[in-house]
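My questions all concern the structure below.
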Amino acid sequence: MNSPSLPAVERLDVQAFINAQPLSPYQWRIVLLCFLIVFLDGLDTAAMGFIAPALTQDWGIDRASLGPVMSAALIGMVFGALGSGPLADRYGRKLVLVAAVFLFGLFSLASAYSTNVEQLLALRFLTGLGLGAAMPNATTLLSEYTPERLKSLLVTSMFCGFNLGMACGGFVSAKLIPLFGWHSLLLLGGLLPLVLAVVLLFRLPESARYLVVRNRGSERVRQVLAPIAPAQVALARSFHVPEQQTVQARNVFAVIFSGTYSAGTLLLWLTYFMGLVIVYLLTSWLPTLMRDSGASLEQAAFIGALFQFGGVLSAVAVGWAMDRFNPHKVIGLFYLLAGVFAWCVGQSLGQVTLLATLVLLAGMCINGAQSAMPSLAARFYPTQGRATGVSWMLGIGRFGAILGAWIGATLLGLGWNFEQVLTALVLPAALATAAVLLKGLVSHADAG
């Protein structure tokens with residue numbers, strides 16, 4: 001390389017460097033590993049909803065008894081998400097990710113050997129700690145290795161792994177549970193993450209942006225960036241992230257609640273919270289609602305899986321649209337359509353083909369919107385507080401998941417029918433739509 005180019009790389013801007021390069025095989029490996037993390041997160045998260053009919057029959061308990069168990073993992077996810085963000089901003093994304101995947105694999109495996117509700121409740125809570133920590137940190141790490149032009153597309157594509165994992169849980173459970181019992185799905189959801197944790201330990205790099213911001217040394221930064229463009233990285237004497245000069249705060253919480261970010265933070269929380277009310281009410285109780293309405297166990301599992309599979313189909317499209325149009329309006333449209341299709345699902349009981357189609361469309365809209373939210377959050381926050389900002393949105397949102405699962409159990413206990421439960425979902429869909437559109441108006445987020 002000619003000497004006149006040397007000054008331009010003596011102090012290399014990490015994000016500008018990533019933006020200027022084509023996506024390398026090294027970055028594709030990071031995409032794949034983060035996708036697998038989120039896929040297994042989704043598989044394990046949905047497991048209780050799919051094993052619930054067989055579990056209640058096997059243990060001779062009523063479905064209301066599983067309400068606390070359904071919520072236990074979600075409560076664990078709250079603590080896992082809220083605690084992992086600050087840890088990742090302090091100690092690194094990779095360390096927290098490997099520990100999280102190992103944790104949810106270990107306790108999912110242990111859950112398969114539960115003999116009563118109390119044991120299962122405790123083990124699902126512990127599983128939830130790992131599940132809650134994994135997703136936000138996978139989002140953060142991937143976003144810090146992607147160019148701005150592809151950030152939303154790649155992060156939402158990664159997030160479709162969550163929906164694909166949930167969908168695969170339904171398809172696999174429809175085959176495994178009749179043959180091997182409810183334990184088999186939990187065993188599968190435990191063994192696979194343990195294998196992945198070992199792979200992550202050796203093949204997943206630490207975030208270069210994190211290493212720069214935490215002053216971990218130029219050689220470490222050079223080591224993790226070199227596979228992208230070795231010659232250019234070799235010429236850099238030091239590395240920097242420009243936002244370091246513009247965001248000053250004593251701790252990560254001061255960053256996400258500073259005047260620049262406070263309103264956007266609260267609106268992100270509200271949006272994601274309302275979206276998860278819808279997702280987890282349907283994830284936890286749609287198979288049971290179908291069974292109560294006369295569907296077979298296999299039909300209930302299949303239609304429940306279609307809801308998750310819809311998110312796989314839409315996630316890439318949402319990410320593509322966010323990189324080209326106003327991301328807040330794109331996400332708002334999907335939340336709005338989710339409410340419309342949820343209402344339509346409630347009017348379609350007894351028409352199996354129409355019902356399955358509408359469930360798929362509802363899943364495309366709500367899961368597509370939810371998949372896009374971590375990308376929106378990752379683009380909104382600076383490096384110093386990115387893991388905390390993303391993980392706290394996901395953590396606070398989990399209260400919506402808990403509420404959704406609880407509302408489903410409560411409404412069924414009150415005797416609400418299929419149509420009434422689905423119609424009620426119009427309200428959280430409307431609130432999510434309003435909140436994300438308002439964030440686009442009042443915050444300093446990148447509007448596309």
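Positions of Cβ are set from backbone N, Cα and C atoms, glycine also.
So Swiss-Prot has the following annotated:
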type	residues	note
TOPO_DOM	1-30	topological domain 'Cytoplasmic'
TOPO_DOM	52-67	topological domain 'Periplasmic'
TOPO_DOM	89-94	topological domain 'Cytoplasmic'
TOPO_DOM	116-119	topological domain 'Periplasmic'
TOPO_DOM	141-152	topological domain 'Cytoplasmic'
TOPO_DOM	174-184	topological domain 'Periplasmic'
TOPO_DOM	206-261	topological domain 'Cytoplasmic'
TOPO_DOM	283-301	topological domain 'Periplasmic'
TOPO_DOM	323-329	topological domain 'Cytoplasmic'
TOPO_DOM	373-398	topological domain 'Cytoplasmic'
TOPO_DOM	443-448	topological domain 'Cytoplasmic'
TRANSMEM	31-51	transmembrane segment
TRANSMEM	68-88	transmembrane segment
TRANSMEM	95-115	transmembrane segment
TRANSMEM	120-140	transmembrane segment
TRANSMEM	153-173	transmembrane segment
TRANSMEM	185-205	transmembrane segment
TRANSMEM	262-282	transmembrane segment
TRANSMEM	302-322	transmembrane segment
TRANSMEM	330-350	transmembrane segment
TRANSMEM	352-372	transmembrane segment
TRANSMEM	399-419	transmembrane segment
TRANSMEM	422-442	transmembrane segment
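Would you situate these features in the structure and describe their surroundings?
Sorting the topological domain 'Periplasmic' (52-67) by DSSP state (H, G, I as helix; E, B as strand; all else coil) yields 13 helix, 0 strand, 3 coil.
Taking Cβ pairs closer than 8 Å, the topological domain 'Cytoplasmic' (89-94) reaches residues 137, 140-141, 144, 200, 204-207, 210, 214, 252, 384-388 in its own chain, all 6 or more past its ends.
Broken down with DSSP, the topological domain 'Periplasmic' (116-119) shows 3 helix, 0 strand, 1 coil.
Outside the topological domain 'Cytoplasmic' (141-152) by six or more residues, the chain places 15, 18-21, 23, 27, 30-31, 34, 93-94, 97, 158, 204, 207-210, 318-320, 322-323, 327, 372, 375-376, 378-379, 383, 386 with a CB less than 8 A from a CB of the stretch.
Only residues 6 or more beyond the boundaries of the topological domain 'Periplasmic' (174-184), in the same chain, are considered here, and those with a CB under 8 A from a CB of the stretch are 50-51, 54-55, 58, 112-113, 297-298, 301-302, 305.
Sorting the topological domain 'Cytoplasmic' (206-261) by DSSP state (H, G, I as helix; E, B as strand; all else coil) yields 29 helix, 3 strand, 24 coil.
Residues 74-75, 77-82, 84-86, 88-89, 93, 96, 132-133, 135-137, 139-140, 143-144, 151-152, 155-156, 159, 209-210, 212-213, 241, 243-244, 246-247, 249, 252-253, 255-256, 261, 264-265, 268-269, 271-273, 275-276, 319, 322, 327-328, 331, 436, 443, 445-446 of the same chain sit 6 or more residues outside the topological domain 'Cytoplasmic' (373-398) yet have a Cβ under 8 Å from a Cβ within it.
Sequence-distant neighbours of the transmembrane segment (31-51) (same chain, 6+ residues past either end, Cβ-Cβ under 8 Å): 66, 69-70, 73, 77, 97, 101, 104-105, 108, 124, 127, 131, 134-135, 138-139, 141-142, 146, 154, 157-159, 161-166, 168-170, 173, 177, 182, 185-186, 188-190, 192-193, 196, 199-200, 203-204, 283-287, 301, 304, 308.
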Which sequence-distant residues neighbour the transmembrane segment (399-419)? Criterion: at least 6 residues beyond either end, Cβ under 8 Å.
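Residues 63-64, 67, 70-71, 74-75, 77-78, 272-282, 284-285, 288-289, 292-293, 346-347, 349, 428.
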With Cβ-Cβ distances below 8 Å as the criterion, list the same-chain residues six or more beyond the ends of the transmembrane segment (95-115) that contact it, or say none.
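Contacts of the transmembrane segment (95-115) (Cβ under 8 Å, skipping residues fewer than 6 from its ends): 37, 40-41, 44, 47, 80, 84, 87-88, 123-124, 126-134, 137-138, 141, 183-184, 186-187, 189-194, 196-197, 200-201, 204, 387.
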Tell me whether the transmembrane segment (153-173) sits in contact with the transmembrane segment (330-350), defined here as at least 3 Cβ pairs under 8 Å among residues 6 or more apart in sequence.
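No, since the transmembrane segment (153-173) and the transmembrane segment (330-350) share fewer than 3 Cβ pairs closer than 8 Å, they do not count as touching.
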Mind pulling out the one from 68-88, 120-140, 185-205, 330-350, 352-372 with the most Cβ pairs under 8 angstroms to the transmembrane segment (422-442)?
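Checked against 68-88, 120-140, 185-205, 330-350, 352-372; highest Cβ contact count belongs to 330-350.
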Taking pairs 6 or more apart in sequence, does the count of Cβ pairs under 8 Å between the transmembrane segment (302-322) and the transmembrane segment (352-372) hit 3 or more?
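Contact between the transmembrane segment (352-372) and the transmembrane segment (302-322): present, because at least 3 Cβ pairs are under 8 Å.
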Please give the sequence-distant neighbours of the transmembrane segment (262-282): residues at least 6 beyond its ends with Cβ less than 8 Å from one of its Cβ atoms.
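Distal contacts: 74, 256, 304, 307, 331, 335, 338, 342, 362, 366-367, 369-370, 373, 376-377, 380, 389, 392-394, 396-405, 407-408, 421, 425, 428-429, 431-432, 435-436, 438-439, 442-445.
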